[in-house]
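Asker: I grabbed these lines from TrEMBL:
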COMPBIAS  919-942  compositional bias 'Basic and acidic residues'
DOMAIN    49-172  domain 'Band 3 cytoplasmic'
DOMAIN    190-308  domain 'Band 3 cytoplasmic'
REGION    1-26  region 'Disordered'
REGION    919-962  region 'Disordered'
TRANSMEM  389-408  transmembrane segment
TRANSMEM  428-452  transmembrane segment
TRANSMEM  472-494  transmembrane segment
TRANSMEM  638-656  transmembrane segment
TRANSMEM  686-705  transmembrane segment
TRANSMEM  726-750  transmembrane segment
TRANSMEM  786-805  transmembrane segment
TRANSMEM  812-831  transmembrane segment
TRANSMEM  863-894  transmembrane segment
Amino acid sequence: IGVPVPRGYRRKRRRRRSSRETSDVDRISPAAERLRYILNEDDDMPTPTLFTEMDTLQREGDELEWKESARWVKFEEKVEEGGERWSKPHVSTLSLHSLFELRTCLQTGTVLLDLDGYSLPQIVGEDRQIEEGMISPELREKISFVLLRKHRHQTKKPIHRSLADIGKSNSASEFPPQMKCSPLLFFGHQLKNKFMKKIPRDAEASNVLVGEVDFLNKPFVAFVRLAQATTLGGLTEVPVPTRFLFILLGPQGKAKSYNEIGRAIATLMVDDLFSDVAYKARDREDLIAGIDEFLDEVIVLPPGEWDPKIRIEPPKKVLSADKRKSVFSLNELGQVNGTAGGGGGGLANDEEMPEQHDFCGGLYLDMKRKLPWLPSDIYEGFHIQSISAVLFIYLGCITNAITFGGLLGDATDNYQGVMESFLGTALAGSVFCLFSGQPLIILSSTGPILIFEKLLYEFSKNNGIDYMELRLWIGIHSCLQCLILVATDASYIIKYMTRFTEEGFSSLISFIFISDAIKKMVGSFKYYPINTDFKPDYITTYKCECLAPDPSESMSQGGAGGLSSRVSVPALDWSQLGKKECLKYGGSLVGKSCKYVPDLALMSFILFFGTYSMTVTLKKFKFSRYFPTKLRKLISDFSIFMSIMTFVGLDMLMGLKTPKLIVPTEFKPTRPDRGWLVMPFGKNPWWIYLASFVPALLVTILIFMDQQISAVIVNRKENKLKKGCGYHLDLFWVGVLMAACSFMGLPWYVAATVISIAHMDSLKMESESSAPGEQPQFLGVREQRITGILVFVLTGVSIFLAPILKFIPMPVLYGVFLYMGVASLSGIQFWDRIKLYLMPSKHQPDFSYLRHVPLRKVHLFTLVQITCLAVLWILKSTFLAIIFPVMILGLMVVRKMLDMIFSQHDLAWLDDLLPEKEKKKKDDDKKKKKVKEKEKKRSKGDDSEEEVRDGLLLPPAGGLET
């Protein structure tokens, strides 16, 4: 096909291939073969985003002018009939005939690549077309005259504007074309265009000019690529430098055909693949090859079975351009069958978890990896999004601290209580967020730790052992054991924690949060029962009277109290006394309505469910159609805070005595006979100091598994964390804090899965500059240390905030707990697979794993997970909860056994494959070999992965993902 192919490239193609490789090569068209060579030149240079504007030639009176009719950033926007508004962004639908006509236009028309031009008159006056015989000299002046007519952009606004538009300044597109002004003034108006926010900063423009004239007998077509992008005055609606020009002028009578050809080239220019071709094309044939490849990807819909007038909504998820371009890569891209849909787990990469284990090697690598990020960990926290995250997580932490502290006080006879819980949370959390490897993790106490503390206290009490001293030595031994695990790189075991283990653990913790929130609400109905005995028809019989005490009983009491009663009784009108005064003076209440209380349980339920539902609604508000984007995002970020404030205000307005948050007001230990420091010697026999090693081993397993699984979930690859993880460093500080808390008699702390996920979700970042109609892209998480530190500092000073916090009803905080539990279930594949049991096959979502794994095997895999979850739940609910961490290890054993039931192909789609040392070494050797080949001969290689074919006679990037 006329492409200069290096000698080594030909030799590579002659090597013997497997049947699969041969079939892949045979599927590559000549156009794709040509593009492979083009697109791999200067591969490291990213192609700018193209803003494409199409102007059509129209006659206003006796004057000709160019009027903007459509624009593209990614999706098409048309000027609606009447010219008063832009259409909603939609996927461009093209006629097949227009694409073939466009191909013919590029074959026969003028193609000028890398033209030096700094103004539109200079570009129009290019003599190359005359030299090549494309146009005659007499026609050039007429064409130049038409092309240099003024451009009128979309200007008119409807008289009635929406509330979302009120207050916005006029954009440059509203600049009256009739006004005569200098180019500098016009450029100033362009800069005010609000549409610029939708266009990336490095974008360039592509201008399409189409129209019919009366002096041509055949169409005049020109495709121009400038050597340097240049701002051509008012040619473009926004101040973006123009790189490409496509001009189509033809005889009268075919305006509709010209318009469709213009739409076709405009759609091609915003296609990720063709735009690369347009930038790197060396001649006309390269552009035609790009159109041929575009045609190869198009799917035709029969006109009788689809209405072409329908505007297709932009998809929520667009097919990645990299997948389309990968077929043209000259490097081998073969993948293990199924890895594309596998997983997601949060397994660390080989750099973070190397196979060679040196003494403290993992800890050293973690510190080396995290130190350069320390400055950014501080300054990146100063963002308005951090405020909403702090308020949300703070309320979750103090609620958890109060709940856990109360339960711990009951279990340990107040040796540890709410005050110790507050102080421990503040101390451990602040230190961890300041020095740990993953500051997004939030430390908290867990249920298994509570059960261990309860059993330990009962054992100490029954055997005459000092509980606090025994607990101190267990903490010291557990700290040493954690340090040994850090030194020996034991965290390497997380490589065997696949999606199966993660989902089982995180689902259990989420269900615990949900069930605890519901249990607490159901409990309020017992304390404040609804008055079901009230009969409206008998309202006349309901009364409550205060009766004076019997004088004989008062005299028999004797003493000062009796004298007081005798003196005060005659002076009181008992029938007029209130409830408090009646009881104060010794009276008694008699009547059916004396025990009446307001329906506090019902009010509590309204606060509970209202907080949850309002939070969910406002969290999704950023996807709403109402209000500007910034306001929607602000409402979404502060959804939890707004919900809490709303229902706290409602509670204050109603004035009912709903249960409120109770915070300690004095800084002193809960139990008066203990201090803030625990002495290690003097109260227990010497052998206790050694024997405590055994229960400490159980605590260490609990701490290790709880911490590392939570860390794996936070560090999942789909969360797009850029600063790396720090499993060894995290475990080091958890161990050190165990010893510190033991010396101070404070609770032990470990990573809280649900609160950590909520913390991370509240800090998610999305792209600000997105094409009209395109969903904001998830960019990652705002990784910093400020939010965590502020949360725990606020927790520590909460004892001074008691006058404010006492107005927060507990049901509101239970609603926050319910939201955290439900929100942490979103995105868990296990939960999606459970819902498949209730759906007929035809209504099941199009999950990728359902395409590759039989449904019966999907159900079997889910059933195994449900069974494991049920066993864990039963164990958690009994005294056997102390062996809970061992059962988490049991999940990893069950996952290993699944290799005997399911094929590796099925597990690759439903879970993650377990690492195998021999296989890993082979893969590493292959990778090294590929890198060497790439460095040696970058133009070699022809293997490619099967390309996804999509489209609807519309740009594949507009994408309906297949």
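Along the chain as shown, the residues are counted starting at 1.
The backbone N, Cα and C atoms fix where each Cβ goes, glycine too.
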Asker: Between the stretches 428-452, 638-656, 686-705, 786-805, 812-831, which wins on the count of C-beta pairs under 8 angstroms to the transmembrane segment (726-750)?
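Answerer: The listed stretch sharing the most Cβ pairs with the transmembrane segment (726-750) is 428-452.
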Asker: Return the stretch with the most CB pairs under 8 A relative to the transmembrane segment (812-831), choosing among 428-452, 472-494, 638-656, 686-705, 786-805.
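Answerer: Result: 638-656.
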Asker: Where else in the chain does the transmembrane segment (472-494) make close Cβ contacts, counting only residues six or more beyond its ends and a cut-off under 8 Å?
Answerer: 347-348, 353, 355, 357-363, 456, 678, 680, 688-689, 692-693, 695-697, 699-700, 703-704, 708-709, 711-712, 727-728, 731-732, 734-736, 738-739, 741-743, 745, 748
Asker: Top stretch among 389-408, 428-452, 638-656, 786-805 for CB pairs under 8 A with the transmembrane segment (686-705)?
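Answerer: The stretch I would name here is 428-452.
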Asker: Which one of these stretches, 389-408, 428-452, 786-805, has the most C-beta pairs shorter than 8 Å to the transmembrane segment (638-656)?
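Answerer: Selected stretch: 389-408, with the most Cβ pairs under 8 Å.
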Asker: Summarise the domain 'Band 3 cytoplasmic' (190-308) by DSSP state, stating how many residues are helix, strand and coil.
Answerer: 51 helix, 29 strand, 39 coil
Asker: If you average per-residue pLDDT over the domain 'Band 3 cytoplasmic' (190-308), what number do you get?
Answerer: 87
